Amino acid sequence: MATTFSPASHIRSICYASNPPKTHLPEMTSLRSGLLQIQKTWVPGVPPRATLSFRMGVFKCATIEEIEAEKSMIEKAAKEKMEKTIESLRSGFNSIRTGRANPAVLDKIEVEYYGTPVSLKSIAQISTPDASSLLVQPYDKSSLKVIEKAIVSSDLGLTPNNDGEVIRLTLPQLTSDRRKELSKIVAKQAEEGKKVTDEYMKKIDTVYKQKEKAQLSSTFYDSTCPNALSTIRTSIRRAVSAERRMAASLIRLHFHDCFVQGCDASILLNDTPTFTGEQTAPPNANSARGYEVIEAAKGAVESICPGVVSCADVLSVAARDASVAVGGPSWTVNLGRRDSTTASRDLATNSLPRFTDPLDTLIRVFGDLDLSPRDLVKHNASRSETEYTTGATSMPISPPHVGGSVRPRVENDRLAPLDLVTPNSFDNNYFRNLVQRRGLLQSDQVLFSGGSTDSIVTEYVNNPATFASDFAAAMVRMGNIQPLTGQSGIIRRTCGAVN
């Protein structure tokens, strides 16, 4: 029986894509800050939960209360699992044969007792008469033979001495080879334990990130500053109209902000005599631009709603409005971010991808922020309208065969458009350039150089509409990177300084 949509009832759920979206949601739904208002008429007997499957992919849904319950459940399960892992490690370490007698050495010995495998310690008493020997005294003497056989078959390397009453085991002194073997065994068991705990830590991290996203909403300012978005849009349109390439610069500014301690407007903080922020970090210096445009938009919003709209949200909305201003895609901007009070030049230097990075490094940098190789390709393409400043890095322009059409401008102005064909349009010519081996920078051309992203580039060459819709979805994901929400952070009065 199918679930139908109607205005009959509402359910507020957090919905998130479990595979990359391809198109926007149908008009019957509205995505708001990861909160999908789903209007449904429930079929009797069908629980009020659903997995939504549209052309944009599968969306998983959960109510706020369910996420809190899941968080509590995972934390409890993780604690129990970690305690068991520690106990298992302790048991495993104890069972390793060293030069000192310990009954736990025999913990993993299983004996075929009347056709049933049982642990040795359940059918015998194990003691340590001295520091270098073990004594096994079975409750049933008829089991001596099978116990002896089990010990011999184990990997302990012990020779049992069966006198018909008990089994004595003498532990030989450790040799250098045995010590090396023990080191390998301990390292292996520790690594297995680490894998278990890492798995549960990732689950906890996922739930916490969902909770952070749940606090963002596209309607966040509807009651506190209803004209905020239209005011920002007007300001950005004016800036892009005056300088078209500012559109890509604003998108890139948003990208560089989110990649360093999250989408918190830290990149907008100006240096002072006692503070050095992100703007002078090598990936940003003489390269990132548009600060004054964001400050102007923030000032316009402050004039109608002082102290309400964060700089982080102004920058997020500006990136979307800049894309639309040059014919690019639009997307729902989830709002409610707050501004950081700190910024770090070192963190920006180490966190942002470099023009010279090889493909595997770029993939790893994006992966660390839960962004995919496909997101990498899309975000690189978003720079196609901007201009590369040679003062930002000493990396030579590549490949050489485009030098004739570019270098005169580089020598005079130290600037070169990254898309040589249509530098002021949002289109897929960036990918066509890569396929033709005309990528200007190394970090561009590596996307199509016989690696894992070649197929993505080819797909976007053949399907510009797919690139547009995928780019919009990627911008939503990027905007959700570690936002400051609730009581975290502040609302700056001006974006370049802490209040």
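Placed from the backbone N, Cα and C atoms, the Cβ positions cover glycine too.
Sequence-distant neighbours of E278 (Ca(2+) 1 binding site) (same chain, six or more apart, CB under 8 Å from its CB) are H256, V260, S266, I267, L269, N284, A343, S344, R345, L347, A348, listed in sequence order. In the three-state DSSP scheme, E278 (Ca(2+) 1 binding site) is classed as coil. Residues or ranges marked as Ca(2+) 1 binding site in TrEMBL: D257, V260, G262, D264, S266, E278.
Long-range Cβ neighbours of P353 (substrate binding site) (same chain, at least 6 residues apart, Cβ-Cβ under 8 Å): F259, P283, T361, L362, V365, F366, S443. According to TrEMBL, the feature substrate binding site maps to P353.
The C-beta environment of C305 (disulfide bond), restricted to residues of the same chain at least 6 apart in sequence and closer than 8 Å, consists of Y221, T224, C225, N227, A228. The disulfide bond annotation in TrEMBL covers C225-C305 (among others).
Annotation comment: TrEMBL describes C258-C263 (among others) as disulfide bond. The DSSP secondary structure for C258 (disulfide bond) is helix. Listed in sequence order, the residues of the same chain lying 6 or more apart from C258 (disulfide bond) and placing their CB within less than 8 Å of its CB are L369, M478, G479, I481, Q482.
Cβ environment of C311 (disulfide bond): A265, L268, I294, K298, D339, R492, C495 lie under 8 Å away, each six or more residues apart in the same chain. Annotation source TrEMBL lists disulfide bond at C311-C495 (among others).
As annotated by TrEMBL, region 'Disordered' applies to 381-404.
In this structure, R252 (site 'Transition state stabilizer') is part of a helix by DSSP. The number of other Cβ atoms within 10 Å of the Cβ belonging to R252 (site 'Transition state stabilizer'), over all protein chains shown, comes to 22. Per TrEMBL, the feature site 'Transition state stabilizer' maps to R252.
According to DSSP, P353 (substrate binding site) is assigned to coil rather than to any helix or strand. Secondary structure from DSSP puts C263 (disulfide bond) in coil. The recorded positions considered are C225, V260, C495; of these, C225 has the fewest other C-beta atoms within 10 angstroms of its C-beta. Separating the Cα atoms of R252 (site 'Transition state stabilizer') and D264 (Ca(2+) 1 binding site) is a whole-number distance of 15 Å. Of all the binding-site residues listed here (D257, D264), the one with the fewest other CB atoms within 10 A of its own CB is D264. Listed in sequence order, H254, D257, A312, L315, S316, R337, M478, G479, N480, I481, Q482, P483 are the same-chain residues six or more apart from C263 (disulfide bond) with CB atoms under 8 A from its CB.
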